[in-house]
Amino acid sequence: MSSILLRSYRHHAKVWTRPSSKSSFIRSLASRSNPTSSFEHVRRVFDDDKYYQDFNNGTLSRKIFSGPRTGLFKNEKLTTPQGLIDFSGQCLTEAQTLVDTMIREAETSDQGKIHYIRRLDQLSDILCRVIDVAEFIRVAHPNSKWTHAAQQTHELMFEYMNQLNTNVQLHTILGNILADKSITSKLSSEEIMVGEYLKQDFERSGIYMEPHTRENFVALTQEISVLGSHFNNGIHELKDYWCEISQQEYEAIDNADLKREIRRFQQKSPRSSRNSVYIPLAGSLPYSILQRCSMESVRRKVWIALHNASEEQISTLNLFLKYRATLSKMLGYESFAHYQLEHKMAKNPENVLTFLENLQRKMVDGENSGLISELESLYAMSNHWKPGASKSDIIHAIQPWDRDYLLHKLQEEKKETQLDDNISEYLSVGTIMSGLSQLFHSIYSIELLPEPSASGETWASQVRKIKVFDNETQSTLGFLYLDFWSPNVLPSHFTIVCSRQLNKDLGEKVEVMKPLVQLDETESHQLPVISLVCNFHQGNSFIGRFAGLETSKPTLLTLDQVDTIFHEMGHAMHSMIGRTKLQNLSGTRCSTDFVELPSVLMESFSKDPRVLGRIARHYSTNELLPHDILAKHQHYRNVLENSETYMQSKMAMLDQVLHGKSIVKQLEMARDDIDSTTMYHSLEKELKVFSDQWSTWHGKFPHLFSYGAVYFSYLFDRAIAEKIWKSLFQNDPWSREAGTTYKEAILKWGGTRDPWHCLADALSNQELSKGDEKAMRIIGGETKDL
């Protein structure tokens, strides 16, 4: 459920060494006077570990060895796990005191009413200050003591937040203020919009319920949060970790390397049988089998086993789907999807399903269908190939366990696309981050500037801190903490602190806030803090430094990993540029089916050869990436691009079905046995392409919890991004004019403006501002843009 107080989107000890040439090194950095040298500095900070250590330790050594240790993200309270728990208790007390103050003042004076929405926003910030960092820690921190403290903290604060969501007194005062024109005439448009948004969330949290019912609502909401945490933690768990095949199937495998690898694991298998062979589902072997094993029955068994979630995971999923349906019914909605989409761009599940169905129909039945062309190419590699096969025959013939095998055969056959050149050598992490700084400098006049981190400020020694700096206003926009080498966390974007203007006139003190957040140059705003975490393989620079090697290889990326960084940096820049006075609607705190637009659009930049061809350089020779190598690799990886889009549309459809009316109807018929597996298999049978009617993969789909009923946003925002790209950046992806238009129309507003109005301005099409069915059809490509 959404909340008036929270819009979540989302090792190594620090070793300080004294560099031998500290002063000269710092002087060399201080002498930077042109963008080229600053971009090179960015590259080396990420690619050269010794350079980074010299930069970090040399600049700060005096402060480090003489000054106090700071806490995570420069919050001085977060120096230990117990510090996090203590901080949560302090914030809880502060929040309770603020609630008493704002109610008392609003009931006794007009000034109290005028300040009420700003106070509510401040209350939200106090709680988010704890909940957001706790959410980050429990997912990304390498130390179990920290993660346990974060889980404890998150549950405590989330429970209090849910109590506030159903506080009748807070809601009544807010409603009276918004209905009083003598008060609203003295409020800014942003304050009114935030007030309306908070009022909506009160009402969507069951504020009109009877007290007992409201208590049940809060308890259910809390239980859903706990179940969601369990669900996310169990995403990688399998029903079984060994796959059984017959001895006969094993003997029929014609790949000697695979047979040898399978045989090697038999002594480690927890089971043994004279007539069976067991394949481990951990490691790379099962994926090698899916790619290279010609025995379809073996691939089938391995694929199903690899996609089977644990039984406990499916039970957890069924339970939170049931509870979500129960809550939506309590609130008077037809389904959880109706509840979720009411105030989104799409407005209702019917519009979402129409969008997805039209997309799928165009992909399957449209002229020159890229999807069918891809399937035909795979079918030509299949043992089931027959001349003159119909489209239906082809779709039916290719099973999900055939996909990787046939793709591997197709790519092996097309040896003209043989990738002799290692494109990754042109795509080091530092090269890409430097390139992003160049791109942002060109289109936004914004740079990424590395900044030293103090002892205790980061959770691991490899974390880089970046200051996002606006050259036009000569001001700091915010800070990024980048951990590209996390061992466990999939690529993720975390909001740690939102931008907000301090309420100095209401008694909020700079000296109190300074130890908790990072302030701007005027000390009037708290700056946004974002963490990006990826699980890239670490280069050998760290090893090389200790082995006495003069040269080292940085982390080298694939094109897909480059897309990932661009995608996540799209979210980050939205947070940096979307700085509002109130934090509730700052940055990425906008409509969920709009929030992916900046990140998806950034993928258009990463895929454009005019961008990578200008920023990608060989890590050792500094040679620019040749266009022919880039073109060859781009073509190679896009072989099943349309198939991937169709698969994503199936996932979005599943998300709608599992949060749709059918589960509510089951509850109305007093049926408690929610069966998500049957619903999944039924939908797969209907949608046909790569149809899975055997596994329980849906239990491994994390977005069913985190993006419940709004997973379609990725495809919807991709459709929007394509239009923005064609309208603004297609002629020149480095255009300052296009960047300014996009920044002014889309990014700077955060969530303080109707997304449809933002699109209407960005695309110069006022028909879109209505946000009606016609606007949806324009975005979906069903009608021509006006």
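Positions of Cβ are set from backbone N, Cα and C atoms, glycine also.
Now, the feature entries from Swiss-Prot:
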TRANSIT   1-29  transit peptide
BINDING   H567, H571, H574  Zn(2+) binding site
ACT_SITE  E568  active site
Zn(2+) site shell beyond H567, H571, H574, criterion: Cβ within 8 Å of Cβ centroid: H493, E568, M569, G570, A572, M573, T588, E596, P598, S599, M602
Cα-to-Cα gap, H574 (Zn(2+) binding site) vs E568 (active site), nearest whole Å: 10
List of residues, in chain order, with Cβ under 8 A from that of the residue listed as 'active site' and at least 6 apart: P491, S492, H493, L532, C534, S599
Cβ-Cβ neighbours of H574 (Zn(2+) binding site) (radius 10 Å): 30
Among H567, H571, which are binding-site residues, the residue with the most C-beta atoms within 10 angstroms of its C-beta: H571
